[in-house]
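**Student:** The repeat 'TPR' annotation in TrEMBL covers 113-146, 213-246.
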Amino acid sequence: MPFFSRYHHHRWLALGLFLGVGILWTTLSKNLQAQVSPNIQPPINPTLSAEENFRQGNLTRAIQQWSHHINSGSNVVTALFNRSQAYILLKQYDFAVQDLNQLIQLQGKNTPPHVFVVRGIALSELQQLPEAIQSFNQAEKLQPSPLVYNNRALAYQRAGQLPLALADLTKSIQLAPTSVNRLNLANLRVQLGQFQEVVEEMNQLLVTEKSFFPAYLTRGIAYYHLHQYQTAIRDFLFSLKIFPHQPEAYYYVGLSFAQLNRQRDAAENLIRAAELYLQNNQGNQYRQVLEKMNELNLQ
């Protein structure tokens, strides 16, 4: 069961872009999600500006308005950048890259770093990882920032270059030691098998962030891999007490109970994990849980 990108999509970092809200993104996240589902957008208000429509989730309407600005030659630079954000939220990454490439062509050496960051994000989602990393490198040359390092770390992780991802997340924490950045680093350490380091880092984080439930989940996973199953279960249950809709927490509770030969408790928690994955439209994870139950001979 994958655990590397669990909570990053819930803990978004705001890019300070032309729009006050703009794109929201985290390290090692899953796909960007629209503020409002593209299939269930609010009713159109013809008096709203493109920026207001964007904020309210009327993404297609905002794109149409920015397209009009671009075609009429009005605020082309701003419109191109903002339209690229809307395209990314709609997962139209190719269109976003086209807008950003045009923007870079227009601005040349005056292109600000966040344009390269957003282009890197879109390219990473397209699995064009060398190109994404190159775009993040250009942003870093102009202005090193946690946003550069967080998002480049995701590209490195997707490319299987985990030591480079680790180096970037370490730089991000040096610049901004936020709870989210520290969690991201801990989750990468989980993937690298550095479980004792994860426990130590999450212990430090939870001293000041006692209600930061993803830290309990991450520490619990580390304890699980250290074969400290009772301690792991306590962390998972405490995390679920704070936020009960965590399929992965139930998954690892189930695995921990299975290791303790508590088959009924294991089955109940794994079934709950599968149900939550299904509710979240995470079909692959749903099937993986059921396959794990068969592997453990649980009913």
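All residue numbers here begin at 1 and follow the chain in the order shown.
Glycine too: its Cβ is placed from the backbone N, Cα and C atoms.
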**Student:** How do the residues of the repeat 'TPR' (113-146) split into helix, strand and coil according to DSSP?
**Tutor:** 28 helix, 0 strand, 6 coil
**Student:** If you average per-residue pLDDT over the repeat 'TPR' (113-146), what number do you get?
**Tutor:** 97
